[in-house]
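These features come from Swiss-Prot:
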- 2: N-acetylserine (MOD_RES)
- 2: phosphoserine (MOD_RES)
- 8: phosphoserine (MOD_RES)
- 24: phosphoserine (MOD_RES)
- 39-74: domain 'EF-hand 1' (DOMAIN)
- 52, 54, 56, 58, 60, 63: Ca(2+) 1 binding site (BINDING)
- 78-110: domain 'EF-hand 2' (DOMAIN)
- 91, 93, 95, 97, 102: Ca(2+) 2 binding site (BINDING)
């Protein structure tokens, strides 16, 4: 499964372009722009599993740093600051990683 099975390639391209500048990433705006906010819970979970590159059931800090590449291979990596901000927003139980339910909540709060 690829990201374009769930989200529009055009929406992904626009969202990646909007956050091309270093330290410009805003997960709330990004999730809205790619159309993830409008998706049903099962589709949000599909996106989570695509982003969970090592299939551990969690998106760890290193995977968060390359989250944009999960949407488009030519996207940039997040800065350390952006990664930590995203982790802090999504890691509700403080275990240092984002599980599927935490990801679903993060998207819903966007």
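The count begins at 1 with the first shown residue.
Here the Cβ of each residue, glycine as well, is placed from N, Cα and C on the backbone.
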Checklist entry - Considering only the recorded positions 8, 52, 58, 60, which fall within 10 Å of residue 97 (Ca(2+) 2 binding site) when distances are taken between Cα atoms? => result 58, 60
Checklist outcome for this item: Around the Cβ of residue 54 (Ca(2+) 1 binding site), other Cβ atoms within 10 Å, all chains included, total 10
Checklist entry - Roughly where does the domain 'EF-hand 1' (39-74) sit in mean pLDDT, to the nearest integer? => result 97
Checklist outcome for this item: Cβ neighbour count (10 Å, all chains) around residue 93 (Ca(2+) 2 binding site) is 10
Checklist entry - Long-range same-chain neighbours of residue 91 (Ca(2+) 2 binding site), Cβ under 8 Å, sequence gap at least 6? => result 97, 98, 102
Next on the checklist: Suppose we draw a 10 Å sphere around the Cβ of residue 24 (phosphoserine). How many other Cβ atoms does it contain, all chains included?
Outcome noted: 13
Checklist entry - Of the recorded positions listed here (8, 52, 54), which is spatially closest to residue 93 (Ca(2+) 2 binding site) when Cα positions are compared? => result 52
Checklist entry - Relative to the mean position of the Cβ atoms of 91, 93, 95, 97, 102, the recorded Ca(2+) 2 site, which additional same-chain residues have Cβ within 8 Å? => result 58, 90, 92, 94, 96, 98, 99
Next on the checklist: DSSP secondary structure for residue 63 (Ca(2+) 1 binding site), reduced to helix/strand/coil, please.
Outcome noted: helix
Next on the checklist: What whole-number Å value do you get for the CA-CA distance of residue 54 (Ca(2+) 1 binding site) and residue 8 (phosphoserine)?
Outcome noted: 24
Checklist entry - Relative to the Cα of residue 95 (Ca(2+) 2 binding site), which of the binding-site residues 52, 60, 63 has the closest Cα? => result 60
Checklist entry - What's the most sparsely packed of the recorded positions 2, 8, 56, counting other C-beta atoms within 10 A? => result 2
Checklist entry - 10 Å Cβ neighbour count around residue 95 (Ca(2+) 2 binding site)? => result 11
